[in-house]
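Novice: Quick one: the structure is below, and I'll ask about it shortly.
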Amino acid sequence: MMKSNPASDHVYLNDGFKCSTISIHTNLSEQNGGSNNSVGTQGSKEFILTEDGKKVKPSRSTVECTKSWLQECSRRTFNRKTLHKKLPILGWLPRYSSQDAVGDLVAGITVGLTVIPQALAYAGIAGLPVAYGLYASFLGCFVYIFLGSCKDVPMGPSAIVALLTFQVAQGSWQKSVLLCLLSGIVELLMGLFGLGFLIDFVSGPVSSGFTSAVSLIILTSQIQSVLGITAKGNTFVEIWTQVFHNIEHTRAGDTVLGLTCIVVLLLMRSLSSCRIGPDDEEQCSSLQRVVNKVLWIVGTARNAILVVVCCLMGYLLHSEEHGAPFRVVGDIPPGLPSVQWPPTSLSANETSHGAAENFVEMVHSMGSGLIVIPLISLMENIAICKAFANGKSVDASQELIAIGTANIFNSFVQGFPGTGALSRGAVNNASGVRTPLSNIYSGGLVMIALLFLTPYFYFIPRPTLAAIIIAAVVFMIEVKVVKPMWRSKKSDLVPGVGTFVACLVLPLEWGILIGVGLNVIFILYHAARPKLSTELLTTQSGMDYMMITPDRCLIFPSVDYVRNLVNKQSMRQNVPVVIDASHVYGADFTTATVIDSLISDFNQRGQLLFFYNLKPSICAIFEQVSAAQFVVYYQEQQLDDLLKERNYTQKRSETA
């Protein structure tokens, strides 16, 4: 039963139609010359049918075509569904209630008390004066209200993005601000072109390895502030080398204060989960509820409380003659930052190497950071969205648009790149946030701090800010994922551990690139080594045959491997072989040539080979190469007919 054209000789059967209740109409009346009133497929209005039966496009002027294109774009863009997708505020604002307002107010103030000390600390990670952390923490919050799709995301600086900013900009505020603008543009373009799916290429093990390594690097970078020494470096190894080299210059006051703050923060952190009385809130007395609320507030606002206490300590212990017994933040420019275009050039005095840089040279020095920072920002942001989505889908492309636009606006008020931070997102969710409008309160608190509190920030001890960072990032080291990963699939540890080690030894962009590369290698390996299941079956007439079923598509990396396995299995049993192609959804020219060689192998042995349930599109590819010998069938009862056509007689072994 040679099949020269499976599309015409056979009907490709899809068992799903057998149980479907959908009525599918075909335009049979048109094929048979029926009337135009019959039910069927309508013809396209964009063509004119000529007398000789050809379809031609009607002649239209350029103005008409442009007008039609603009009308179509307008129809697709300015409709209710698209506007609600691109401006999520239109979805929740009409339903905004007084309960939403109260929840957002409480959550916004709570997050604001958290973000102010974190912003001061994260500026230090980025190698910038502490004021730039506040500059990056208010305008983006207002932008996210309109474009953000997740209620739990508090827009602002994060520890990981701050470290990446330091590695790219090397502590230059001009480059950091320009990096904020360019990163925002890249994020916005990625969102507009729907490239949010790129985050799917960063697997869970790679993400865990990267996050753990970055947490260790951030923790290491703050050791110098706790010890009161200077230790410059980009990688984990470089920083620790500098720490040991300068350990003899340790300041006792900084060390004592830093270690004390770390212990106090860890103890206060546990207060947020402490409860007195019954677990059920309704069964608690009024006093118990008040105490539990106070404990939660103290535990949640621990950073702000510690900064205030240590700031007072610095003020009281400061003297004009000897200063403070520990290093303090120093002067912070009062007031809001001026709105200006981000720097596009550097003078010789503003660069570390003493030579002026133009815009192209500044961008060139940022290198792969222009791609890595947007991807990592998206990864952090999506982690918050997924953590509190409660089963709802997350639009990664819309989040790219939101954080990209926020960073573009931030760059005009001298902010460095930011995104959603998971720690603040957890506080936001625990505080009962209802909508993204909570960002207006946290951003407003930052503006109040810039307007009225900056003179008092002078006395904030640097070891206290370092302790805040250390107490936060130590819980980002994802040790807990190793055990379940080992139990479920040990091979996933390879890209995870590879990413972790590479990020510690090499620059972060190389580390995550190596992790993604290891993942791609594993994917290619699985594509090149499909699994084949083998069964000995019997036809309706009692003939034995071997059914070999590959579990995925046959493409050039895997087809030689499949050929060898099929030959190896078929030579063990001198019976006809059937390759079940139900799971083969794709093939290429290389596959067709190897299939032709496989058919030749069977012909030389005098063994029959058939293909079952091969998709017509793939069947057409195979027939172009091996049409003379290629045999395919789609119904099980056809196998007996094929065996009879070839005069196959089964040779049964005699048993004693």
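In case you wondered, yes, glycine gets a Cβ from its N, Cα and C as well.
Residues annotated as domain 'SLC26A/SulP transporter' in TrEMBL: 103-494. Under the heading transmembrane segment, TrEMBL lists 153-169, 176-198, 210-231, 295-317, 440-459, 465-482, 494-525. Per TrEMBL, the feature domain 'STAS' maps to 546-631.
I would like each feature placed in context: is it buried or exposed, what are its neighbours, and how far apart are things?
Specialist: In the predicted structure, the domain 'SLC26A/SulP transporter' (103-494) carries a mean pLDDT of 87.
Same-chain residues lying 6 or more positions outside the transmembrane segment (153-169) and placing a CB less than 8 Å from one of its CB atoms are 111, 115, 118-119, 122-123, 125-127, 133, 136-137, 140-141, 143-144, 175-176, 179, 211, 214-215, 217-218, 221, 234, 366-367, 369, 372-373, 376-377, 380-381, 384-385, 399, 402-403, 406, 416-421, 424-425, 427-428, 436, 438-439, 442, 469, 472-473, 476, 507-509.
Packing against the transmembrane segment (176-198) from elsewhere in the chain are residues 126, 128, 132, 136, 165, 168-169, 342-344, 362-363, 366, 369-371, 373-375, 377-378, 395-412, 414-418: each is 6 or more residues past its ends and has a CB under 8 Å from a CB in it.
Long-range neighbours of the transmembrane segment (210-231) within the same chain, counting only residues 6 or more positions beyond its ends whose Cβ lies under 8 Å from a Cβ of the stretch, are 124-125, 159-160, 163, 202, 239-240, 242-243, 245-247, 249-251, 253-255, 258-259, 262, 326-327, 376, 462-463, 465-467, 469-470, 473-474, 476-479, 499-504, 508, 511-512, 515.
Here the transmembrane segment (465-482) has long-range neighbours at 117-118, 120-122, 124-125, 130, 159, 204-205, 208, 211-212, 214-216, 218-219, 222-223, 225-226, 258-259, 261-262, 265-266, 269, 303, 306-307, 329, 422-423, 493, 496, meaning same-chain residues at least 6 beyond its ends whose C-beta is under 8 angstroms from one of its own.
When Cβ-Cβ distances below 8 Å are used as the criterion, the transmembrane segment (494-525) is approached by residues 163-164, 167, 201-203, 205-206, 208-210, 212-214, 216-217, 234-237, 367-369, 372, 375-376, 481-482, 485, 557 of the same chain, each at least six residues removed from its ends.
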Novice: For the domain 'STAS' (546-631), what does DSSP give as the number of helix, strand and coil residues?
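Specialist: Split into helix, strand and coil, the domain 'STAS' (546-631) gives 42 helix, 13 strand, 31 coil.
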